[in-house]
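What follows is one structure encoded as structure tokens, with my remarks underneath.
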Amino acid sequence: MSGDSPEPTTPLLRHHLDGWRNRLATSLRLKTTLLSELSGAVGDLGTYIPIVLALTLVSHLDLSTTLIFTALYNIATGVLFGTPMPVQPMKSIAAVAVSETPHLTVSQIAAAGISTAAVLFFLGVTGLMSILYRFLPLPVGLAFAFSAIKYIRYNQDFTKTTATKTTDPRPWLGLDGLVLALVCLLFLILATGDGSGNESDARLVLTTRRRRVQRRLRILSSVPSALIVFLLGLILCFIRDPTIFRDIKLGPSRFHVLKITWDDFKVGFVRGAVPQIPLSVLNSVIAVCKLSGDLFPGTELSATKVSVSVGLMNLVGCWFGAMPVCHGAGGLAGQYRFGGRSGLSVVFLGLGKLVLGLLFGNSFVRILSSFPVGILGVLLLFAGIELAMASRDMNSKEESFVMLVCAAVSLTGSSAALGFGCGIVLYLVLKLREMDFSGFPFFRSKSEPTAEDESLINP
């Protein structure tokens, strides 16, 4: 009898294995060329690198642990969502940790990430995030573009506060000069165009000249432009500072569980989580899902799943000292802009981070600190423009009105949370204006018949 017991579970196990096999095949199937997916993999590094670098230098974040955990997150999200779902730093927590005095400790940063993750996990599992998703509009990504222009035009010191990290104008010449940034910008424009692809209208009769143009556009589109620009930046790191070779030490740092006290949670929640939670709801879940539906029609992501995903990542990784992370619309826009079309794109990125984290460990910060910031600005610029272009598909004037007000407040007030709150209030006021108050006796007109009057008139 005991020998027969495994038989009923065998078909069930085979069913689950087949399900995972099909998921892997679907999520990791190439939807474009391999080089395009590799190029898209580095499309969000314009945001990732500066924040990771600042947290490592100022707050003594363990870079090796962050690289390894974010690598695992990238691989998992690529498989589970099947799209180039980004994994990016929680920006408000990072800004507070670096710019405010006293700086947040690693334990307080982790506590802020855990607190934010707990809220998003709760909103996801209870279905409340789906309700927010139905009512909140897609924000405009111009803030990314504005930051990118600053990266290109001015030297940056990421260890300073937001107000003072922009220093002198960037020189024209040099290994991180304006000429280098503009050449990279021109190369990316020539290779990717406006980001709409090179599909021709089937109704047009293609002349010989037009066929030649289409052939040239296909060749340009096949160039992994973002990957080439990123590799150029890595090469320039070693040319700018040859002492990097001497300082590199092989091997990852040792994992350990952080000791997070109740005081760490109080400080982390008040200073880090409170400004981060509305930003994560808006940019990490709402905007990501709406942008995904715009970029990949018919495959709009579930707000519940994305919210739970952000929660689980940080409820695990932050306890080991990994940087608090989320999904970001800017990262998705950047990866799509440079060729990412499937989960394979972020799986490649995850494998790259995993190799770097295991091979170089914390010494990799020496390489990042020499990376040309102008090149990061160019990559970030395209991500911001792609995100802002998603607003062209607003379905009504009301949605556009709410979105633009939200963007204006966020940009002028330098606070996404403030713009988020104003957008909600504005939307509620607009809905209040259209609400039918006839059911309330106080608001009913004297000449307006009641339900009893109507029943007498129409028995």
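In case you wondered, yes, glycine gets a Cβ from its N, Cα and C as well.
Automatic prediction, not curation, is the source of TrEMBL annotations.
What TrEMBL says about this one:
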- 38-57: transmembrane segment (TRANSMEM)
- 63-83: transmembrane segment (TRANSMEM)
- 104-125: transmembrane segment (TRANSMEM)
- 131-152: transmembrane segment (TRANSMEM)
- 172-191: transmembrane segment (TRANSMEM)
- 219-239: transmembrane segment (TRANSMEM)
- 344-365: transmembrane segment (TRANSMEM)
- 371-389: transmembrane segment (TRANSMEM)
- 401-430: transmembrane segment (TRANSMEM)
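By the Cβ criterion (under 8 Å, sequence separation of 6 or more), the transmembrane segment (172-191) is in contact with the transmembrane segment (371-389), since 3+ such pairs are found. Counted as Cβ pairs under 8 Å, contacts with the transmembrane segment (219-239) are highest for 38-57 among 38-57, 104-125, 344-365. Within its own chain, the transmembrane segment (38-57) is flanked in space by residues 63, 66, 84, 86, 88-89, 91, 94, 97-98, 109, 144, 148, 151, 156, 158-159, 223-228, 230, 323, 328, 330-332, 334-341, 345-346, 348-349, 352, 362, 365, 368-369, 371, 373, 376-383, which lie at least six positions past its ends and keep a Cβ under 8 Å from the stretch.
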